[in-house]
């Protein structure tokens, strides 16, 4: 009943205030009418989004003298309009942020009847919609629903802390086996990242901040995958230590790691493959990289590296360690050397590899970016390596840069070169797991070290980016999985894990519901939401496909259904372990 009431409220939100105008506008567009009142000038209006770094201006509309031209204009971000007259003479330049579905007029006329002076003014004919307010109202109802859902799960029998089943322990069957003691904060962290990922993948209400950033910078959508990688690394440390305590040999664990990595890769290639939308899957258009494939390779490298040094019980002795405060770091110095070597490889390939037609060390989006000088250089060395080793048809065909930067070449955000830095991300998560092992039940020490790691990673990010979105030495970039992206997201990850650990495992004021449940069945929920994305009740035909409210309601319903499914599976003691 709560779900139905909440959905009705979100859907009714589109009925209040304004009805959507009859103009043929899409989401995140406004209508601009250009009134050319000049008697001797034909006008051409060009536009540029504030979020398009060093881009070429694009023609918006041409208007003959003494006439009116009409066309859509972007309302996601503020834009700069340049009005040129005959012979490309600039008449005026305006910076303005249009509102969604608003109706505006740009009045261009002579000033005081002087043909050499011009005035350009924007007039609002019809006020825009405030779609963000609707999102906030729906989100407030969703928060209320989640709060009531927490107590609903608690009343029905939220799992006790001794009942947590390690969803990351390698296995190959559906399991209802014995449970083991486990930190609930880890599953809660994983479930939170997963549910945001599901919501974003389903569309996020078609809001720009729930879409991946076009190139440099971060949105909500750019946070969740690295957090999932981060907590995977944390789980590797805990699960390997646990299985060694139970008497598993390292050779047996190596076999499990190999099998799990292979299964994850095959599921990603064969079952969860976006190139199905291009027709029946065949080798000609098979996308080889992907989310699960990236997880598979990352898991394999980090798990094998940890297996070489893992011990059944952490050695808390400080007698042989010069600095006892670093006993979770110093004994593992070969691992750190390996990580530094990997990062050196990434830096050398990124900045020194000779890419035909592109400058060395190019990190830009290509297309109309960088003033159109390198249109086919999207991603620089990262794209070049994928094209050479995998082939253009075997990588992602619709990167997030193709809309704003108008890129035309294929680029895969889960490509080969970026996998190196996802290994670094998982290794930093592995360090969080070692902190939990070495300082078990020492809550202050654990939280202090999480805080220190967060500050250290944040400082590194500030140095690499020069605290700038686009101007730094290595900008934060999800498409490239730049090292600054890894340090920034790991800094956020340590803070988030600290907060969840404090609330769930230290103070015990939150059970982790409802995120705990999808966190216990993460692979099933991820694969399931990809497979059934276009089926009812996760998707249906909308009355108005250009309405944020309808998209938001549909995406939240679909996401909530997966939370409920994960809860039912938990109650049935069904866990899909790979």
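Start at 1 and count along the chain as shown; that gives each residue its number.
Every residue, even glycine, has its Cβ placed from backbone N, Cα and C.
Annotated range for transmembrane segment in TrEMBL, selecting from 389-407, 446-464: 446-464. Looking up the ranges 188-204, 205-221, 358-374 in TrEMBL, the one annotated as transmembrane segment turns out to be 188-204. Checked against TrEMBL, the range among 158-179, 224-245 recorded as transmembrane segment is 224-245.
Mapped onto DSSP helix, strand and coil, the domain 'Heparan-alpha-glucosaminide N-acetyltransferase catalytic' (182-283) counts 77 helix, 1 strand, 24 coil. Note on the domain 'Heparan-alpha-glucosaminide N-acetyltransferase catalytic' (182-283): its mean pLDDT in the predicted model is 90.
Tertiary neighbourhood of the transmembrane segment (446-464): same-chain residues 328, 428, 431-432, 435-436, 439, 472-474, 476, 483-484, 487-488, 490-492, 494-495, 497-498, 501-502, 506, selected by CB-CB distance under 8 Å and a gap of 6+ residues from either end. The stretch from 291-309, 416-439, 484-503 with the most CB pairs below 8 A to the transmembrane segment (515-532) is 291-309.
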